[in-house]
Structures are given as structure tokens and as C-alpha cells.
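Copied from Swiss-Prot, the annotated features are:
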- 16-207: domain 'KARI N-terminal Rossmann' (DOMAIN)
- CYS44, GLY45, ALA46, GLN47, LYS67, SER77, ASP107, LYS108, GLN109, GLY157: NADP(+) binding site (BINDING)
- HIS131: active site (ACT_SITE)
- 208-343: domain 'KARI C-terminal knotted 1' (DOMAIN)
- ASP216, GLU220: Mg(2+) 1 binding site (BINDING)
- ASP216, GLU388, GLU392: Mg(2+) 2 binding site (BINDING)
- 344-483: domain 'KARI C-terminal knotted 2' (DOMAIN)
- SER413: substrate binding site (BINDING)
Amino acid sequence: MNYFNTLNFTQKINQINKCRFMKKEEFNKKNDILKNKNIVIVGCGAQGLNQGLNMRDAGLNISYALKKNSIANKNQSWINAIENNFKVDDYDALIPDADLVINLTPDKQHHSVIKKLQKLMKKNAVLGYSHGFNIVEFGEKIRKDITVIMVAPKCPGTEVREEYKRGFGVPTLIAVHHENDINKIGLEVAKAWAFSTGGHRAGVLESSFIAEVKSDLMGEQTILCGMLQTASLLCYEKLITEKCNPAYSAKLIQNGWETITESLKHGGITLMMDRLSNSSKIRAYKLSKEIKKILSPLFQKHMDDIISGEFSNEMMKDWENQDLKLLNWRYKTKNTSFETAPVYNEKIPEQEYYDHGILMIAILKSGIELSFEKMIETGIKEESAYYESLHELPLIANTIARKKLYEMNKVISDTAEYGSYLFSESAYPILKEFISTLNKSDLGCALSHQSVNNIELYRINQKIQNHPIEIIGCTLRNYMKKMKAITVAK
């Protein structure tokens, strides 16, 4: 039973609204509450391994519990843990003595894993998640004596480790499941866990399981994964239709997302648009307005289906059906013309990605703003909406730069992958019709310089800079820069 749907209206609003930017003084106790405790991480994939490495470096006692057949077959999780000199054993051997059990297995495995863990966990132990799907959407019931918390780094596991090694961290969301906080220690343990992964150095949001799940699902389905996938396929097809070099076209898109979104990290949509000439900026702005208009109903449907639980219900049916839809979509994507395009070995200058990618920039702007706006309209706070619509975008774009959509879909969770395909199935025909009407200069070659109306340009600049995501983004990015400066100075 979907936990969110069991709440009354006021409870739903309070949970979705929960979001507080925590002060650095709140982490003065560091991770003292977890020192000399037995911490067992279940699963040793990207998040499991890299969070564990950080926590060990922070002075905590970390071991890994894996399934017996994973150990016997020496699978990748076992290799990850052993090669990094961690203690590894099965559930029966490690869970009964654990003070904190952190479940970092894939979403679809959570129910069966949690069922086993609950039978083995000692009284008053703490259970941790990094994504709340199992609690919120599946409605998992946890033993009342067990405290349930969440620490969710807002990036892939590899980035969690790399930022920690640089002496910094990644923005992190923490939460306590208030149905399971009988000893009132949840927040202190979550803070200590976030401190140990380095999250306190980049900024921590105190949120709720519900706010994390609903915003996370919306972001990954739309702008973070679904929009990038749809746009990659359609932009490549558009370039081929215009008789552009297939290898150049593929590289422009594959590396273009990463190059362009790098500007988002430093100055948001404003800086991304400022990288264009004035005439190109005006064109990108107008295209973005049109894209927002035609895609707004689809973004709204995804938000509505996430809030109602319809999305999760349909995806869990696919789990029961051996991932039939997911595997079919994965096969289709793997065999698209973009994924199988030839390699372009020449260098494309950085500015060329902007000058030849007006449409790509318009798609990014419209997708970020739509995703953010739909979350805000639903009651999700601006800080959460920013992290789930803009902040993670360069990290996802980086996966496409490595091995196109194959790499993105391999790195993201199965839940994100399913949602991405679902969005793309609907967005593809809508955007295809729109893109077919565009000018050649919108993608693949530079727009010739045109006369610019000063008043029009001024108004466009004002609208870009004054969008709510730019205002909250400026605040959050400045906070991260200050925290990084303090950390480096130490």
C-alpha cells in the first residue's frame, strides 16, 4: 500500500513541503554518535562502495553484507568490497550485531532484502536508505523499534567519492521516517552519516522521505534523463536529415550536453544563455518558450502520476512481469541511429558546441524550468526542486559523454531508467513534429549575425535572470562556493 496515499491532505502537504537548509553549526558533533558502532552496508555498487569508502576515511567501522550466492560467485559487489579491503560476509553473519544497517541495493530488490534484514536486526537498531521509494511508494512496514533514516547524496556514487577526496562533498538530503523514530535519535544519526560522507561541506537539506521521492522521480524522468534521451535521438535525426556528417553530428550531441551544462554548474541558465551571441540568445529564448508550451501538459502528467502513485504502480507491475517494458525500451534505444553512429576523432572547439547547439540550449532551458515549475506548483520547496532539476544535470550529461545513452542508462537506477523511457515514449513524437519545422541554423551550424533590438534583448535577459530557479540557484551555488573556500583554507 502506497504510504503517501494513506496520509490525509494536511499530512501530505506537510511532508511534501518539508525542506530546511541546515546550518554548518548543526554538524559540530561530527559523527561522534557513530564512532565505535558496527555499520553494515547492504550492497556494494556505486553508492554502496563510495559511501563506505568515505565513511571509513571518516573513522567509522564499515563492513558489507552480501547475499550468499554473490559471495560464492564472487560477483562485482564482492570484488568491489574485497579489493578495497573491507570485511565482507553474508546477512546472517553481520546483520545481528549491526547498530546501523544501510540498504543500498536497487529499488526493485528492497522488499525482499528488507524482509530478511528485519528478521535479523537487533532491537533498537537503525535502518538507512539513500532513496525512499521502498518506504513511500511500496509502503514497506518496518518494525517499530527500528529507527528509519535517509541520507541521499544528490549525485552518482563515483562523484560522492571524488568530491570527498578533494576535501569537499556533494549536496545531500537527509530525512527521518517519523513512523519509525521511537527513540528520537533519527536526525542525529542521519547528520552523523551525512557528515561522514562529506555532505555537510556542500550543504545539507533536512527533508522528508516523501519530498525526496516525489522530487527525485520527477527530475530523473523529465529533464535529467528523459529529456536528454529524447533530445539526443531527435537532434541526431535532425542533423542527418540536414545532410550533416553523421560522425560530427553524433559528437556534437554526445559531448555537447556535457560541455553546455558545465556552464550551468557555475552560473545557472543565465551563464548558459550568455555563452551565445545576442541574436542566438534571442533565438534560443524563443525556441525555449515554444518547447515549454508544447511539453507542459506532458510534464504535468508525469508530476500528477508521480504524486498519485500511478507511475510507481505501473512500474512495479513491470517488475512482476520480469521487466518486459524496461528491457524492450532498452533494446530499442541501444539500436537507434544515434547509439550506433560512427566516431568523430577531430576536436570540436568548446564555443562551437554553443554556437552550433542553439536548439540543445533551448531544450535544456525549457526542460529545467518546466521540471522546476511543476515541482513548485505541487508544493515541493525550491531548494529540493533546484537540486533535482538543474544541479544533477551536468553529472548525467557526463555519463552520455562517456558512452552515449548506454552509459547513462547503465549508471542511473532501474527506476530512473524506466521513468526516462516512459517520458521519451511520449515526448519523442511531440518534439519530432516541432523539430522538423526548425531552421538549419538552429542546430549544426552557426546563426548568422542579425540586428538586435536592445529593448527586446534587455527584457529577455531580465526574464532569464529573474526566473525563480535562477534566484534560488544563485543562493545555493554561492553557499557551495563559500563552503568549498572554507574547506580548502583548512
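Cβ coordinates are placed from backbone N, Cα and C, and glycine is handled just like the others.
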DSSP-derived class (H/G/I helix, E/B strand, else coil) of the residue listed as 'active site': coil
Cα-to-Cα gap, ASP216 (Mg(2+) 1 binding site) vs SER413 (substrate binding site), nearest whole Å: 11
Three-state composition of the domain 'KARI C-terminal knotted 1' (208-343), taking helix and strand from DSSP: 115 helix, 0 strand, 21 coil
Same chain, 6+ residues apart, C-beta under 8 Å of the C-beta of LYS67 (NADP(+) binding site), given in sequence order: ASP90, TYR91
Fewest Cβ neighbours within 10 Å, where candidates are the binding-site residues CYS44, ALA46: ALA46
Between GLU388 (Mg(2+) 2 binding site) and GLU220 (Mg(2+) 1 binding site), the C-alpha gap once rounded to whole angstrom: 7
Cβ-Cβ neighbours of the residue listed as 'substrate binding site' (radius 10 Å): 20
Residues flanking the Mg(2+) 2 site, with Cβ no more than 8 Å from the Cβ centroid of ASP216, GLU388, GLU392 and excluding those residues themselves: LYS154, SER215, MET218, GLY219, GLU220, LEU224, TYR387, SER389, HIS391
Cα within 10 Å of the residue listed as 'active site' - qualifying binding-site residues among CYS44, ALA46, ASP107, GLU220, GLU392: ASP107
Neighbour count (Cβ, 10 Å) for GLU220 (Mg(2+) 1 binding site): 24
Cα within 10 Å of GLU220 (Mg(2+) 1 binding site) - qualifying binding-site residues among CYS44, ALA46, ASP107, GLN109, GLU392: GLU392
SER413 (substrate binding site): nearby binding-site residues from CYS44, ASP107, GLN109, GLU392, Cα cut-off 10 Å: ASP107
Number of Cβ atoms other than its own within 10 Å, given for GLU388 (Mg(2+) 2 binding site): 28
For the domain 'KARI C-terminal knotted 2' (344-483), the number of residues DSSP places in helix, strand and coil: 109 helix, 0 strand, 31 coil
Of ASP107, GLN109, ASP216 (the binding-site residues), the residue whose Cβ has the fewest other Cβ atoms within 10 Å: GLN109
Other CB atoms, at most 10 A from the CB of HIS131 (active site): 24
